[in-house]
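Colleague: What TrEMBL lists as GTP binding site is 16, 17, 18, 19, 20, 21, 127, 136, 137, 200. Here TrEMBL flags 36-65 as region 'NMPbind'. For 37, 42, 63, 64, 65, 90, 91, 92, 93, 97, 160, 171, the entry in TrEMBL reads AMP binding site. What TrEMBL lists as region 'LID' is 126-163. Under the heading domain 'Adenylate kinase active site lid', TrEMBL lists 127-162. According to TrEMBL, the region 'Disordered' annotation covers 144-168. Here TrEMBL flags 158-168 as compositional bias 'Basic and acidic residues'.
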Ligand SMILES: Nc1nc2c(ncn2[C@@H]2O[C@H](COP(=O)(O)OP(=O)(O)O)[C@@H](O)[C@H]2O)c(=O)[nH]1
Ligand SMILES: Nc1ncnc2c1ncn2[C@@H]1O[C@H](COP(=O)(O)OP(=O)(O)O)[C@@H](O)[C@H]1O
């Protein structure tokens, strides 16, 4: 048996750019483990852990949680995954977080979803989520089979407290100020790949083709767009 090669990727993009949607397609098509910092935080809030209780108001207001808190949470979930290919969604969001990740792992590719703010504003007001699983729906784009209910479990869907129009504006501003420098960070390392557009279905085939080229042979078994 040859040495198995591991592939480590990050997906970036403004809130609502389609990171979760594209990540679940990537996880289905390629053998990558999807890790979402937002899902981890919401799971902590749901479970009422100390961390969840402490971070809830910050998240509801659309503010980033402190770098040390999120870095500890995400890096601990990556512990033990040295031999696993993964896709990180929502982390890093600041240069300090990118440095924290860099001290543990080299990232092979960063997929940057570049979607206009106006498109994002429209999407987020019609986003519905199943909190326990992180499954995400949209009234126009991918509605649930039964209105208001998760397709898999039949449990109720909710709108996120941070998807109100005012909070979305704040998150978009913070993205430009705090997260765009992370794109420069990865561009300078030569691993940034940007995909621009207003529709996930048009962006996805390009992401799929890119990963099919990038991911070492043994990971491609399931690769079909
Ligand atoms: N109308 C429309 N909605 C989309 C498209 N792609 C994703 N969405 C929806 O937009 C919202 C934000 O997408 P999501 O993947 O959650 O973005 P994230 O915040 O970057 O993880 C969700 O409600 C998606 O279902 C698209 O091409 N068109
Ligand atoms: N890497 C991170 N650093 C700081 N805060 C984070 C991070 N990831 C998630 N959060 C917090 O969780 C919220 C939701 O994140 P996420 O689910 O990735 O949503 P979106 O991509 O739609 O903004 C963020 O607005 C922020 O409060």
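Glycine residues also receive a Cβ, built from the backbone N, Cα and C atoms like all the rest.
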Colleague: When DSSP states are grouped into helix, strand and coil, how many residues of the region 'Disordered' (144-168) land in each?
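Modeller: Final tally across the stretch: 7 helix, 3 strand, 15 coil.
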Colleague: So if I exclude everything within five residues of the ends of the region 'NMPbind' (36-65), which remaining residues of that chain have a CB under 8 angstroms from its CBs? That is, six or more out.
Modeller: 19-20, 23, 73-74, 77, 88-91, 93-94, 131-132, 134, 161-162, 167-168, 170-171, 174, 178
Colleague: Given 16, 37, 93 as the binding-site residues, which ones have a Cβ positioned under 6 Å from some atom of ligand 1?
Modeller: 16
Colleague: Does any of 18, 127, 137, 160 have a Cβ within less than 6 Å of an atom of ligand 2? These are the binding-site residues; tell me which, or none.
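Modeller: Correct list: empty, so none.
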Colleague: Whole-number Å distance between the CA of residue 91 (AMP binding site) and the CA of residue 127 (GTP binding site)?
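Modeller: Rounded to the nearest whole number, the Cα-Cα distance is 21 Å.
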Colleague: C-alpha of residue 63 (AMP binding site) to C-alpha of residue 16 (GTP binding site): distance in Å?
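Modeller: Counting only the Cα atoms, the answer is 15 Å.
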Colleague: What does DSSP say about residue 137 (GTP binding site): helix, strand or coil?
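Modeller: Going by the DSSP assignment, residue 137 (GTP binding site) falls within a strand, counted as strand.
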